[in-house]
Protein chains: 2
Amino acid sequence: MSRAFNFCAGPAALPEPVLAQAQADLMDWQGKGLSVMEMSHRSDEFVSIAQRAERTLRELMGISDDYAVLFMQGGASTQFATIPLNLLGGHDCADYVNTGIWSKKAIAEAKRYTRVNVVASTEADNFTRCPDQSELKLNPEAGYVHYTPNETIGGLEYDYIPDVGDVPLVADLSSTILSRPQDINRFGLIYAGAQKNIGPAGLTLVLVRRDLMGRTRPELPTMMDYSVADKHDSMYNTPPTFAWYLAGLVFDWVQQQGGVQAMGELNRRKAERLYGAIDSSDFYGNPIQPRFRSWMNVPFTLADERLNSAFLAGAEERGLLSLQGHRSVGGMRASIYNAMPEAGVEALVAYMETFEKEKA
Amino acid sequence: MSRAFNFCAGPAALPEPVLAQAQADLMDWQGKGLSVMEMSHRSDEFVSIAQRAERTLRELMGISDDYAVLFMQGGASTQFATIPLNLLGGHDCADYVNTGIWSKKAIAEAKRYTRVNVVASTEADNFTRCPDQSELKLNPEAGYVHYTPNETIGGLEYDYIPDVGDVPLVADLSSTILSRPQDINRFGLIYAGAQKNIGPAGLTLVLVRRDLMGRTRPELPTMMDYSVADKHDSMYNTPPTFAWYLAGLVFDWVQQQGGVQAMGELNRRKAERLYGAIDSSDFYGNPIQPRFRSWMNVPFTLADERLNSAFLAGAEERGLLSLQGHRSVGGMRASIYNAMPEAGVEALVAYMETFEKEKA
């Protein structure tokens, strides 16, 4: 068996020790005679797995008891509706910042439930940057302010947390959760699909400040109600137990690596190495303003697009997988989440240099 | 490693060959150098896994192209809202049959969105039976008729499919899907949480007749819209890929066993053996009318409830797990889904006889 370097944007590579543990446990967890995925979610064994995962995440991210940590389903796309339906009771509008494809999806779904104020957009700059704080035309009466700290497709990442006064700040942290230290207390609500930095697809983490609960719209499905999930420890019905268990193993692994501080240092080095290689050559390009380049998702183009297929084929031969850019933008994209080791980035850079020498 | 017999109602035991395959594949699927859970859902590899699973399920259940097969998230409890929000456009009421705890949950959620006609209830009989066809007071103007073919907690199962005329019939098949031959064409919509007869928790199957799409309520979240899921092959966003892959392995396994016909024969034998043991002794009891006893969930009581703890402790010592009844009803419950081999039922019956001899 030879493990490849997998640059997929999501579902993404998982840490090898996590997969090895899951493989060892698969048919018989700790000698109990059954798989984690066969356990009752109400058994002592699974409840201890679930609680441990939450506890470790709270430690890693510095999450206080003011916040509920919810293990939900449906991905970030389900949250696009869940958020307005939970937070807008008593408010008739919400503020949204538009920085690309994922912002737009969040805005489109929110518009089905409320008036949306697009308080800043960098579309005129072709989404090559995030707005500055001074550009945000915030509305004090908004139910919340939503933004997308990292645009997975565009490869754009804020280098600051917006100051939105007393209005709750809501953030899609799918790609950047656990990737560096973040001050959770600045947020009213954070959500993240698991399939990038947390675990397998099918699990969605929601951190919500408890004072924001109870602002629900009447049409909210019970299963999407944060206060119901909180009251039942995310077990109002059967949760995705195996994904939850894997998330716990990933949290343990992050802790063993030194936590989010160490992750941030590693991710900075990886990103600098890869952007450095792109910038040092006219053969490759990345259009994002350096200040706003994502540490997690690195899109790049070949000056000669006719070489794209040859680049991808050669990469795959060397075990560098899933480098094709999103179908909506083309080009290349290397997603280098926590689980991507520096050796993977080095292998990619070495291949890029070789390919350029052969073809330039 | 010694695998126990796991009688959990869900998440439930999976077939051992399925777990063995998943374990072998876990770090490197077919020499591709990555786990299934690390694959892009849009990769050729995963799309082939996904399509194969759907194809096998269609073969097993005889599902025609008139029906969409959707791989969704959120469990049956999410469907309790998804169903009225999808099917009630243009209708102001729905018919529901009440046969126990899961019926009641479906009714409670539907009432949040529409007028519910409870067209029959066996609560006066303490849910020891299902209603007869002649008891159903159906409304021709209802948007649909919902019933629960198997009550997982009560241990109650219909031995017939209700005739509801031209109104679409909607059924929660969570516990009984693939457990015996069923005439799919009698239903407008079937839904099933995966964690009993299909795979791990976190995946929900929905089979919906395509002519029923487009009857949505405006407040329906996009991610819960059957027509959106259908149009995007259940990949409007990232689906729970690993659960989907495991479901495919389970479908292959069912096919290897001889399909739902063979499953039905096996399940009948298992149920007859266990109910026979219960009925042959005054030490054990089951209150359900024999005609309506579930083949999948077999609740039973000890005449002397003070022996419950000793019974459960002795069972666990012998590797007979999760026999405790649901916390809302107490007593015992043996769930004997497809993956429970006859040897497991034999081991349980042998233990029950031994325990009775010791304690009676």
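Placement of Cβ uses the backbone N, Cα and C atoms for every residue, glycine included.
What you are looking at is a predicted structure, and each value in this text was computed from that prediction instead of being measured.
Now, the feature entries from TrEMBL:
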type	residues	note
BINDING	A:Arg42	L-glutamate binding site
BINDING	A:Ala76, A:Ser77, A:Trp102, A:Thr152, A:Asp172, A:Gln195, A:Asn237, A:Thr238	pyridoxal 5'-phosphate binding site
DOMAIN	A:5-348	domain 'Aminotransferase class V'
MOD_RES	A:Lys196	N6-(pyridoxal phosphate)lysine
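Known features from TrEMBL, placed on the structure.
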{"residue": "A:Arg42", "record": "L-glutamate binding site", "contacts (Cβ under 8 Å, 6+ apart)": "A:Met235"}
{"residue": "A:Ala76", "record": "pyridoxal 5'-phosphate binding site", "contacts (Cβ under 8 Å, 6+ apart)": "A:Trp102, A:Asp172, A:Ser174, A:Tyr191, A:Ala192, A:Gly193, A:Thr204"}
{"residue": "A:Ser77", "record": "pyridoxal 5'-phosphate binding site", "contacts (Cβ under 8 Å, 6+ apart)": "A:Lys105, A:Glu109"}
{"residue": "A:Thr152", "record": "pyridoxal 5'-phosphate binding site", "contacts (Cβ under 8 Å, 6+ apart)": "A:Ala9, A:Gly10, A:Trp102, A:Ser174, A:Ser175, A:Lys196, A:Ser294, A:Met296, A:Asn297, A:Ser335"}
{"residue": "A:Gln195", "record": "pyridoxal 5'-phosphate binding site", "contacts (Cβ under 8 Å, 6+ apart)": "A:Gly10, A:Pro11, A:Ala12, A:Ala201, A:Gly202"}
{"residue": "A:Asn237", "record": "pyridoxal 5'-phosphate binding site", "contacts (Cβ under 8 Å, 6+ apart)": "A:Met223"}
{"residue": "A:Thr238", "record": "pyridoxal 5'-phosphate binding site", "contacts (Cβ under 8 Å, 6+ apart)": "A:His41"}
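Checking the binding-site residues A:Trp102, A:Thr152, A:Asp172, A:Thr238 against chain B with a Cβ-Cβ cut-off under 8 Å leaves A:Thr238, in sequence order. Of the listed recorded positions, namely A:Trp102, A:Asp172, A:Lys196, the sparsest Cβ surroundings within 10 Å are found at A:Trp102.
Under the DSSP three-state reduction, A:Asp172 (pyridoxal 5'-phosphate binding site) is assigned to strand. Counted over all residue pairs in A:Ala76, A:Ser77, A:Trp102, A:Thr152, A:Asp172, A:Gln195, A:Asn237, A:Thr238, the record's binders of pyridoxal 5'-phosphate, the longest Cα to Cα distance measures 31 angstrom. Model confidence over the domain 'Aminotransferase class V' (A:5-348) is summarised by a mean pLDDT of 97.
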